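Comments concern the structure below.
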Amino acid sequence: MTLLTYLRRKLGLTGTKLGCAEGGCGACTVMVSRYQTHTQQLLHYAVNACLAPLCSLHLVAVTTVEGIGSVARKLHPVQERIARAHGSQCGFCTPGIVMSMYALLRNNPTPKMADVEEAFQGNLCRCTGYRPILEGYKTFTGGCCGGKGRENGCCMANGNGAEKTTPLFTATDFAPFDPTQEVIFPPELMVNTHTPKHKHSELELIHDLNHMGAVLKEMVKTLPPHQNEVFLAVLEQLRWFAGLQIRNVAAVGGNIMTASPISDLNPVFMAAGCKLTLMDKGTHTHTHIHLCDIPGICFLLRSEFTDKTTTLRPQEVLLSIEIPYSKKNQFVSAFKQSPRREDDISIVTAAMSVTITPGTDVVEDLGLSYGGMAATTVLAKKTASRLLGRRWGEGLLEEACSSLAEEMTLDPSAPGGMVTYRQTLTLSLFYKFYLMVLQKLRIYQVTTLTTGFTVPALASRCVSVTCVLQAVPEGRSQDDAVGRPMMHLSALKQATGEAVYCDDVPLYENELYLALVTSSKAHANILSIDSSAAEQMPGVTVIARHQVRLSDQSGDSDSLMSRLVTFLFSVQVTCVGHIIGAVVADTQLHAQRAAKAVRIQYEELPAVVTIQEAIAAQSFYQPIRTIQKGDLEVGFKQADHILEGEMHIGGQEHFYLETNVTLAVPRGEDGEMEVFASTQSASKTQSLVAKALGVPANRVVVRVKRMGGGFGGKESRTTVLSTVVAVAANKLKRPVRCMLDRDEDMLITGGRHPFYGKYKVGFLNSGKVVALDVSYYSNTGNSMDLSLSVLERALFHMENSYSVANVRGRGYLCRTNLPSNTAFRGFGGPQGMMVTESWMNDVAQSLGKPSEEVRRLNLYVEGELTPYNQILDQFTLDRCWDECLSRSVYQERRAAVDLYNRQNRWTKRGLAIVPTKFGISFTAAGALAHIYTDGSVLLTHGGTEMGQGLHTKMVQVASRVLGIPCSKIHISETSTNTVPNTSPTAASASSDLNGAAVQNACETLMKRLEPYKTKNPKGTWEDWVTYFDRVNLSANGFYKTPDLGYDFDSNSGRAFNYFSYGVACSEVEIDCLTGAHRNLSTTIVMDVGHSLNPAIDIGQVEGAFMQGLGLFTLEELHYSPQGVLLTRGPGSYKIPAFGDIPTQLTVSLLRDAPNDKAIFASKAVGEPPLFLAASVFYAIKDAISAARVESGISGPFRLDSPASAERIRNACSDRFTKLCPPAEPGTFRPWSVQV
């Protein structure tokens, strides 16, 4: 049993969350404390409770988030500051982040900012964008530069000095932090324990990797520099080894013995010639192994050695590792290249050691070790032997590269893919080492640096943040909360672990647990299902095999949602992860074990996996959508130039920290069912559950307290789980619960649609675009879901913010054998606009004009028509553009970037400015308000809270209309028995719709109370709220967006209620040798109308931007050619981390831009900012262009999204990439395919 299971299920301490069950997200972080008797010191360290076996905690004190403070009792400063700094949105990750910070403060009460960032290497947040978390916790450090860096931008600044801004929070209001008042370590655990004896008493027993790092750092401080080369290489790898929670418990011996082919440390140990000592448990005899003498570190009991005496036998254990001092004239370096810098597994690791003959530049000894290039860590022995006796110069470099290209080869089908990139990295990393050694030899005056190049290293970080808010008008009442940066209403509860999520609902006495049985084939007929073994397993109650069809209701007006689940228990599967059945047992462990024991025989059928395969097979859903305006033929004749291009945009996993979860509770009479679900769409869940159970919708109540993130992923796909759980609960007449594991959730629920775009664009010599013909292909998956609407929005955004007179856009829904893709923040808009910016960039490059000049030339102006014939009014994009140019100091930045690129060969900087125009439209919403006789107000509306602050904004709206403080208003939950027939909380319009409905309900109440206010004008709210006259103190509210409706056939109507606008400018720096990049700066100007809550809106802008940053630069879903998702968890699928925030980040809300089409002149903010992260993508492309110029290559080039390290490196074509040509397509079966 893990510590997490014990805490949540045995002790009922649900503040510690389950996010991934593999130690990759940090949601389960707790602090463990242990007393060291031999040093008489207390050790406090953060660990992942999901990985910690309960049996490993003997004599250990465990502190959870509940143990350090609570709302009811007293908040700890760590909890208060993350909440009041607006660093908690959905809150599911918050307890883990709180405990990481708390553990740091217990060890170091006055940390530096670098310590804080290191403490969070093992924590992820999908909502906030990380900035407010760091800002809140910066108050424990006193600031990173003390204001000394103001001329270069400082974290202590808040906007332009000439502007009057309202701070997001006031640090002086925080409770002081007193480290002497912490919980004491239990004295009963301070007992004498056996301390292992060492044969060599001067040696220190190393407990974990952090301990090893601390020991090595102390040695580096005391030893002569020439003896520290190996130690420094080990420390460099430890710096980026997993997250802090893992390093706190992982041992170096375990890392060696797992013998991972992509180990971070083993290449250093091999290159440095470290010595392992093994001991036979039976005979106690010792065996010594010098790692530089073997071809590769092997897996336990799997010999890769040529010498049998070095094979690890079952009875042998690793006793010690001896890391040698480096010698004079020995130079050692270690490298790690991974998709994400923090807490990520390697693509390729390397360690290199060279010993130079004293007084010369001749190679005496050389060790080159690589991970990620074979099934084990390997030495490049052939190359090393060829270079012995050679002078360290250009000739050696040439021979080394050609030799490594021959020796370090990979099969084109090698696991992990990225074959060309990995081969190129072996050369690139050696070149880095070559330059490092040259520099050191120059220092020793042995040689001169003749290449003219310095070792490429990305810029260091010191995060600077500026937020420019809209000022609250003078004279506004303090009771009017609208427009003020009010804290998220649940933030304090989320920071203390007291906020209740669906799986935190206490276990019912007779509750059962459900586990799904899913398909392992992409397309197949099911021949047989053998559940006999599962039925005999402990705790199993039932295995469901009967069919429950949901799409047989004839004449069902809700046909779209009916197609979501064609049937639960099927005879044919159409994707890997297709639900075949379910097992119900007494515990989660028993249910999951039994589900895995179900044996299924298949008859495989041909599968379509990729968009290209769908195009070839003409595998499309209908209809094919077209939007056309103007005359294409005339437009292309008018053009001075015509270019064609294409682009692929990869999919994206929602990675909400709380996976899909449902608890269904039968109520025992009339077929009633109560469903607790983490869903954005309570009414659709109610409808489908009712259909599955064969009862009217009025027998089903769906309740949503809050979600741990949604992002569109819980709009429709949650019903796949909730219907199955409800059917099981109904059949057994007992409560049934299911929370999907992270890998299950990623496998089953789908994500953002991958898109492929083809375009033909005509333009004038000036850069003005006059004709556009674009086609979009969306990988829909195995059902339509919401894909038609997603594709339509992509078409509605095919011109982004640019006016094109003659345009045609066509959209195709590719029917494939992947899990059905679904809604995701932006809903097709980002994919449509990404293709737009690709051809806009191509136009600028083909003309040799600055991209910002061409973009500005083509921007819409007030009153112009879109391709779907909607007039642009209240147009603010030009204001956003000009303000962004000004705030980013664009022209000075461009000059600085160009200068930098002229001075540096192997690192390049890029700059881009990108606009967005995002249409807002959704249907209707309802609200219900009760006033009680004590003056308190209970408010309910149709929207759900998933971290976006919707409940907080609704309380602010009600506060203004009722004229009472927010403290008198409470929202409990969203439920279908209070506000019926609600729209899903989606499309960024929930504040617009529900806010107007809340306003309507509250205005109704105020009209009823008006006579009492008139009669007693000096009375209080409590005086006016009377029930003695039998005044109805309950009111419904309703709102419907007026005049919406668009017809594709006639290209007429009003597709959107209004548009949100924004512009972002980003600067990046790329390492041309590895493809790594650093986000240097981003300036965002966003039109949110008159903000209802600037703190929440800025949080939404930053969170959306960081999610877009992941979409366009980092996050990759890998599928096998057979349609199997290979990236199923944070270990293999990487979302942005704390270290991915731009070093300088400025977010400005456009001022004086009221919107008369939404509540209190506000605008939607959830989705529109996401696309602004494309500015980072095109800044990367700008930097790549500068690198290609160095190789004599110019003009447009294709760069697919995301701009991963692999794509960046391969696009920077140079002497090293030419030595590693890719295999011919069709000559091999790739490990993964571009779906």
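One-based numbering along the chain as shown.
Just so you know, glycine gets a Cβ as well, placed from its N, Cα and C.
Annotated domain '2Fe-2S ferredoxin-type' per TrEMBL: 1-68, in sequence order.
For CYS25 ([2Fe-2S] cluster 1 binding site), the same-chain residues lying six or more positions away in sequence with a CB closer than 8 A to its CB are GLY19, CYS93, GLY96, ASN123, LEU124, LEU657, PRO1130. The feature [2Fe-2S] cluster 1 binding site is assigned by TrEMBL to CYS20, CYS25, CYS28, CYS50.
The [2Fe-2S] cluster 2 binding site annotation in TrEMBL covers CYS90, CYS93, CYS125, CYS127.
Around the Cβ of LYS336 (FAD binding site), the same chain contributes GLN237, TRP240, ASP264, SER346, THR349, each under 8 angstroms and 6 or more positions distant in sequence. Under the heading FAD binding site, TrEMBL lists PHE241, ASP264, LEU318, LYS336.
For GLN680, PHE711, ARG825, ALA987, the entry in TrEMBL reads Mo-molybdopterin binding site.
Here TrEMBL flags GLU715, ARG793, PHE827, THR923 as substrate binding site. Taking the Cβ of PHE827 (substrate binding site) as reference, residues of its chain lying under 8 Å away and at least six apart in sequence are, in sequence order, GLY712, LEU786, SER789, VAL790, ARG793, ALA986, ALA987, GLU1167.
Per TrEMBL, active site, proton acceptor is recorded for GLU1167. When other Cβ atoms within 10 Å of the Cβ of GLU1167 (active site, proton acceptor) are tallied across all protein chains shown, the result is 28.
The two recorded residues, CYS125 ([2Fe-2S] cluster 2 binding site) and THR923 (substrate binding site), show a Cα separation of 31 Å. A gap of 19 Å separates the Cα atoms of CYS50 ([2Fe-2S] cluster 1 binding site) and PHE241 (FAD binding site). Between the C-alpha atoms of PHE241 (FAD binding site) and THR923 (substrate binding site), the distance comes to 49 Å. Taking every protein chain shown into account, CYS20, CYS127 are the binding-site residues, and of these the Cβ with the most other Cβ atoms within 10 Å belongs to CYS127. With all protein chains in the displayed structure included, the most crowded Cβ environment within 10 Å among the binding-site residues PHE241, PHE711 is that of PHE711.
With respect to GLN680 (Mo-molybdopterin binding site), the closest of these binding-site residues in Cα terms is CYS90, chosen from CYS20, CYS90, CYS127, LEU318. Same-chain residues that are not part of GLN680, PHE711, ARG825, ALA987 yet have a Cβ within 8 Å of the Cβ center of the Mo-molybdopterin site turn out to be GLY710, GLY712, GLY713, GLU715, ALA823, PHE824, PHE827, MET946, THR985, ALA986, SER988, GLY1166, GLU1167. Averaged across the domain '2Fe-2S ferredoxin-type' (1-68), pLDDT in this predicted model comes to 95. Nearest to CYS127 ([2Fe-2S] cluster 2 binding site) in space, judged by Cα atoms and limited to the binding-site residues CYS20, CYS28, PHE711, GLU715, ARG825, is PHE711. Its Cβ taken as reference, ARG793 (substrate binding site) is surrounded by 25 other Cβ atoms within 10 Å in the chains shown. Recorded residues LEU318 (FAD binding site) and CYS20 ([2Fe-2S] cluster 1 binding site) have their alpha carbons 31 Å apart, per Cα-Cα distance. In space, CYS90 is the closest of the binding-site residues CYS28, CYS90, THR923 to ARG825 (Mo-molybdopterin binding site), judged by Cα positions. Surrounding the centroid of the Cβ atoms of GLU715, ARG793, PHE827, THR923, where the record places substrate, the chain contributes additional residues within 8 Å, namely GLY712, LEU786, SER789, VAL790, ALA823, PHE922, PRO984, ALA986, ALA987.
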